[in-house]
């Protein structure tokens with residue numbers, strides 16, 4: 001059997017199995033090529049080989065591969081040059097460089113150019129198998145991350161995370177990468193920005209989505225019971241402990257535990273949590289033994305943990321342990337262009353609940369766009385909920401809003417005396433297809449009011465100049 005003649009296209013196995021990954025070996029030494037291909041096939045890969053960079057370049061122009069094994073000193077063209085080309089043509093391809101001992105410097109340079117790993121010749125075949133395994137895992141995560149990025153790009157958001165602003169795009173990009181890792185993540189943001197929603201999105205789009213997601217509000221735990229809740233206890237540990245019980249860290253086995261308001265955790269328990277993260281085990285209250293912990297940790301706070309560390313109120317070592325990756329969520333006032341989408345999302349839910357078709361009046365929309373939302377998305381959601389409950393018909397008026405919104409309008413009415421007027425008398429959000437229409441109508445209204453002044457309209461709507469021009473192009477309003 002000619003091992004080097006395997007096709008490069010990814011082959012699907014029987015139903016329910018993952019496709020086999022493809023490996024291309026580029027080396028002038030036929031014995032090295034055959035050995036590498038044999039090991040690759042033995043470990044479940046499809047493999048093919050070529051003798052030089054010129055042949056590899058020709059093949060890669062018409063095919064994509066998962067893993068490239070590249071000898072840096074092959075004849076025909078420099079290996080580093082091919083590496084640079086493949087990172088442009090196929091950026092998701094995992095590249096493993098092979099180099100002679102005397103050219104380790106070249107391997108380091110290759111890593112800087114984008115190689116994911118390297119092997120120093122001569123190498124053992126089991127070492128090759130290990131490196132291929134690492135590359136396969138990375139490639140699997142990259143593919144999953146790319147699928148999630150594409151999903152985010154084509155939707156209004158992710159689950160209950162709604163928004164297409166530049167600020168939310170940044171969050172989506174980071175989320176698409178970290179969802180498939182096991183690193184702790186620290187989620188930062190003001191109250192009401194949706195920190196638990198983000199934590200749930202990370203869990204539900206990760207590899208352990210079918211496992212438990214356990215949220216813990218550290219600020220609401222009874223101080224005397226925090227330790228037993230988190231770490232569990234054994235029978236007889238304290239009065240009322242009639243049976244042993246696993247703590248939340250153990251109960252999240254294989255899944256995710258979300259520690260909300262982590263800054264509220266007492267210092268002594270911060271030390272125990274740190275030990276649990278480091279040693280991946282806990283000792284239940286009253287126990288002499290330890291229990292293994294297998295859960296991903298996500299934590300969130302609206303506090304400034306750096307200040308708390310300096311003040312001695314939060315452990316520095318725990319902060320660094322949790323802050324491997326951090327996501328800072330924008331306040332709603334920093335992404336005003338998402339407000340129409342959020343309103344439409346909340347209205348769509350209320351329409352189903354009340355079996356009506358609620359709409360937002362022009363005046364109310366103008367105020368909601370201008371208001372600073374100190375309670376962020378949660379406050380906007382409650383405002384829409386209240387307005388729907390108080391509305392006597394189907395058109396939500398400013399008087400149906402919460403008191404802070406009405407007070408804000410009363411105080412700023414002179415500045416807002418002439419709100420934009422739409423061709424239709426109201427804005428609606430009845431269906432999924434009209435989400436974009438709601439945003440488009442708001443832009444048209446502002447342009448009409450300001451005689452086509454795009455910069456002034458952007459300022460009125462609370463969005464940036466670049467965002468305004470992007471929206472105009474997106475909705476075919478460039479000549480508006």
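Note: Cβ is positioned from N, Cα and C throughout, glycine not excepted.
These numbers come from a predicted model, not from an experiment.
Model confidence over the domain 'Response regulatory' (22-136) is summarised by a mean pLDDT of 83. For 22-136, the entry in TrEMBL reads domain 'Response regulatory'.
Taken from TrEMBL, the feature domain 'Sigma-54 factor interaction' covers 161-389.
As annotated by TrEMBL, 4-aspartylphosphate applies to 71. Residue 71 (4-aspartylphosphate) has a Cβ environment of 24 other Cβ atoms inside 10 Å. According to its DSSP assignment, residue 71 (4-aspartylphosphate) is in a strand.
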